[in-house]
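Reviewing the structure listed below.
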C-alpha cells in the first residue's frame with residue numbers, strides 16, 4: 001500500500017529585540033517514505049540574508065517544541081543526521097532525508113532561540 005507522509009509547516013513571525021521580521025514558509029510539504037523533502041524559510045536581506053542565527057524547531061502533538069538546527073546548519077547533540085540546515089541569500093532551508101513516519105510534525109523556522117519570545 002502506498003502512502004504519503006505529510007509534514008506540516010507553520011508561518012512564523014519573530015518579534016524580538018534585534019529584529020522584527022516576517023518569515024515565510026510553505027503551508028505544508030509532503031513526501032513518500034524514504035524520500036527527502038526541503039522546507040524553505042524566506043526572509044529579507046536584513047534578516048535571514050544578514051544573520052546566521054536561523055533556528056529550526058519540530059513540534060509534534062502533545063510535546064514541546066524541539067530544537068533541530070541552530071545557527072543555520074548546526075545540530076544539537078542527540079538530533080538525528082536526517083535533519084540538515086542550509087542558507088542561500090534570503091532563504092534558509094531544512095532538509096529531512098529518508099522520511100519516516102516519526103518525523104511527521106509541524107516545523108518552523110525562527111531568527112531566535114527558544115529563550116526569546118516568538
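Cβ from N, Cα, C; glycine included.
Here's what Swiss-Prot has on this protein:
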- 1-19: signal peptide (SIGNAL)
- 20-44: region 'Framework-1' (REGION)
- 34-118: domain 'Ig-like' (DOMAIN)
- 41-109: disulfide bond (DISULFID)
- 45-53: region 'Complementarity-determining-1' (REGION)
- 54-70: region 'Framework-2' (REGION)
- 74-109: region 'Framework-3' (REGION)
- 110-118: region 'Complementarity-determining-3' (REGION)
What does DSSP give as the helix, strand and coil breakdown of the region 'Framework-2' (54-70)?
0 helix, 10 strand, 7 coil
Around the Cβ of residue 109 (disulfide bond), the count of other Cβ atoms that are within 10 Å:
27
Surrounding residues of the region 'Framework-3' (74-109) on its own chain - C-beta under 8 Å, 6+ positions past either end:
5-10, 12, 23, 25, 31-45, 47-49, 52, 54-60, 65, 67-68
Among all protein chains shown, how many Cβ atoms are found within 10 Å of the Cβ of residue 41 (disulfide bond), not counting that one?
26
Residues in the domain 'Ig-like' (34-118) grouped by DSSP into helix, strand and remaining coil:
3 helix, 34 strand, 48 coil
